[in-house]
């Protein structure tokens with residue numbers, strides 16, 4: 001490009017430096033969000049997968065009733081399709097923390113285990129720990145509130161507590177974070193387990209396979225071989241080869257990246273609109289350049305260069321904050337998932353994507369107004385007088401002319417309708433930001449209300465869980481006698497496995513934490529007062545439904561969403577049975593569960609046996625009541641393994657998504673910023689285009705105050721229109737986000753809930769921001785003298 005054209009570009013950009021600044025800021029703000037989410041998504045998805053794979057998780061775990069001795073383990077390793085095998089034991093117990101019982105999983109590992117399968121990394125201390133010590137998972141310190149050298153009071157199988165020392169910490173990224181599961185994780189030897197009163201039994205056979213695509217068939221073949229050799233296999237667990245929360249993280253970050261990209265496209269549209277206004281003011285200059293020989297191609301390259309230069313500056317400004325925010329989000333999500341970020345490098349496509357987005361998208365979008373300006377004929381260019389919009393010839397203009405009221409307001413409305421395309425664009429920018437802003441707050445409000453409603457459907461305050469089934473009458477009577485307890489119900493829940501109708505036991509997808517991917521068969525009274533789940537299809541249980549089940553949404557999904565009246569196969573302890581589906585219910589915060597009546601559980605567990613109590617209390621002192629209930633139940637000879645208050649369940653549910661809601665609100669703020677910058681740019685262009693009009697208005701008596709008020713009123717009206725459109729557009733967007741979050745979390749859409757505070761905050765923000773964004777343009781218009789306006793070209 002020749003030097004004269006380069007000089008012209010530089011001078012044009014400097015002359016319009018205010019509008020150029022707005023363009024740069026709009027691109028930079030939006031690109032910051034894109035860069036941050038590109039970085040976060042690329043690093044987190046890679047590192048979460050790498051962290052999980054680094055543990056070499058078992059492809060499948062077989063629960064063998066009588067345990068696996070060294071000879072059997074050696075034989076298993078020689079079986080076809082088996083790459084390696086080891087044995088473990090997992091014990092569920094509880095630990096006393098600050099006077100309150102917490103659930104705890106104890107992972108028992110033989111000191112001779114080479115730790116080639118289901119590995120963990122010792123971060124402090126050494127493996128194996130002492131015979132009177134254990135290591136805890138590092139993320140469990142917030143639940144256990146203990147560090148190296150501290151003592152934990154762990155309950156034994158008879159309920160008595162034994163002190164065991166914390167010898168150090170381990171890092172185990174294969175587990176769901178302890179804080180989200182509200183559970184502690186401990187690692188110890190069989191000798192230490194025996195000291196706590198439990199019987200060491202290596203009843204978990206963990207295997208890796210030579211062909212990962214054949215995990216299920218290999219595990220089933222091994223189970224059949226074990227059964228043929230006299231061993232009882234209760235269950236086969238083969239979770240997906242990914243972190244328990246990776247699917248949710250991938251989906252949510254993809255959605256957020258799409259929102260950030262939308263903000264960048266809107267910023268590019270703002271650039272195109274601003275550039276179009278600048279080119280409109282230079283129409284005569286373009287005609288003069290064409291008169292002296294400039295070609296369309298030369299003009300196109302000149303203005304594309306100017307646009308690219310603006311985009312490059314914006315990209316340079318955005319890279320630093322984008323990387324900083326991206327890595328901050330990486331660290332935040334890494335902490336949330338309890339994974340180390342071992343490799344912070346970026347794949348090649350991330351910087352390429354940032355630069356291509358920051359430069360390429362604005363240039364492509366700006367190509368339309370630049371082409372239009374470059375292709376104008378000499379005659380059309382020299383005949384241009386810069387007047388904007390025809391007034392009075394359209395039906396809307398005639399309707400506005402008949403309106404009565406404040407003249408400044410009416411004039412502001414008429415002025416806005418003169419450039420309908422620009423008005424539509426400005427409203428679009430504001431509405432896009434506002435829609436995401438209100439949708440973010442609506443989604444946060446809807447999530448809280450949905451979880452509250454889900455917890456209210458559980459009309460009990462706490463659930464006490466026992467180590468094994470016991471007769472119902474003694475434990476129910478003991479709990480009812482506790483002062484403060486108002487009602488008690490007993491239930492029986494057993495681990496189950498989906499099975500096909502032919503009776504073949506299917507492989508469970510349960511993770512080592514025992515919660516993710518689990519499936520439960522629960523016997524519950526048909527007239528229960530402790531749960532009031534919404535029936536989605538069919539009906540609830542009735543007396544006499546001995547072969548009937550009601551499925552919650554997760555259980556229905558795991559069983560292939562069977563039709564009401566159809567039969568499904570569900571196996572317990574390897575024995576498959578056929579059940580008729582009579583209904584489905586919506587349940588928030590529970591695992592995949594099939595509900596049936598207690599009598600239907602008799603073939604599985606002896607009659608009148610229960611292993612959990614759900615109770616309500618008067619709320620005077622929840623912890624004291626809970627302690628008294630546990631003491632009373634233990635006095636009957638039953639052993640309590642855990643008590644889960646509904647408040648704890650609520651905290652566990654919230655911990656899974658709260659960070660994503662916060663990120664959504666931050667993205668909304670980015671889009672809102674782009675929208676307000678668009679309004680500032682539009683009003684600046686408007687003032688420039690109507691410079692002569694302001695002079696004529698002052699010539700016939702308008703004061704600078706009137707001019708200023710006119711421009712501010714136009715900005716405020718534009719902001720109000722954008723706000724109303726944003727509220728309307730935010731409703732379907734809120735529904736979409738709610739569906740995504742709900743289905744990823746519990747297989748249910750989150751019902752729409754409007755946040756009145758969010759709507760009010762957005763309205764106040766937009767009106768205030770609109771006035772602020774318009775103020776500079778208004779001040780400029782008010783300072784123009786009559787002589788300046790009438791000599792303006």
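First residue shown is number 1, and so on along the chain.
Every residue gets a Cβ built from N, Cα and C, even glycine.
Looking just at the domain 'ABC3 transporter permease C-terminal' (258-377), the mean pLDDT is 84. Annotated domain 'ABC3 transporter permease C-terminal' per TrEMBL: 258-377 (among others), in sequence order.
Per TrEMBL, the feature domain 'ABC3 transporter permease C-terminal' maps to 666-782 (among others).
Long-range Cβ contacts of the transmembrane segment (20-44) within its own chain (Cβ-Cβ under 8 Å, at least 6 residues beyond either end) map to 13, 249-250, 253-254, 256-257, 259-261, 263-264, 266-268, 270-271, 274-275, 310-311, 313-315, 317-319, 321-323, 325-330, 333-334, 337, 341, 343-344, 346-347, 349-350, 353-354, 357-358, 362, 667, 670-671, 673-674, 677-678, 680-681, 684. TrEMBL lists 20-44 (among others) with the feature transmembrane segment.
Summarising the annotation, TrEMBL assigns transmembrane segment to 254-281 (among others). Counting only same-chain residues 6+ beyond the ends of the transmembrane segment (254-281), those with a CB under 8 A from a CB of the stretch are 12, 16, 19, 22-23, 26-27, 29-31, 33-34, 36-38, 41, 303, 307, 310-311, 357-358, 361-362, 364-366, 368-370, 372-373, 386, 422, 425, 428-429, 432-433, 436, 660, 663-664, 667, 670-671, 674-675, 677-678, 681-682, 685, 688-689, 737, 740.
Annotation comment: TrEMBL describes 302-328 (among others) as transmembrane segment.
TrEMBL lists 348-371 (among others) with the feature transmembrane segment.
The transmembrane segment feature in TrEMBL is assigned to 423-441 (among others).
The transmembrane segment annotation in TrEMBL covers 659-688 (among others).
Per TrEMBL, transmembrane segment is recorded for 709-734 (among others).
Annotated transmembrane segment per TrEMBL: 754-778 (among others), in sequence order.
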In the domain 'ABC3 transporter permease C-terminal' (258-377), how many residues does DSSP call helix, how many strand, and how many coil?
101 helix, 0 strand, 19 coil
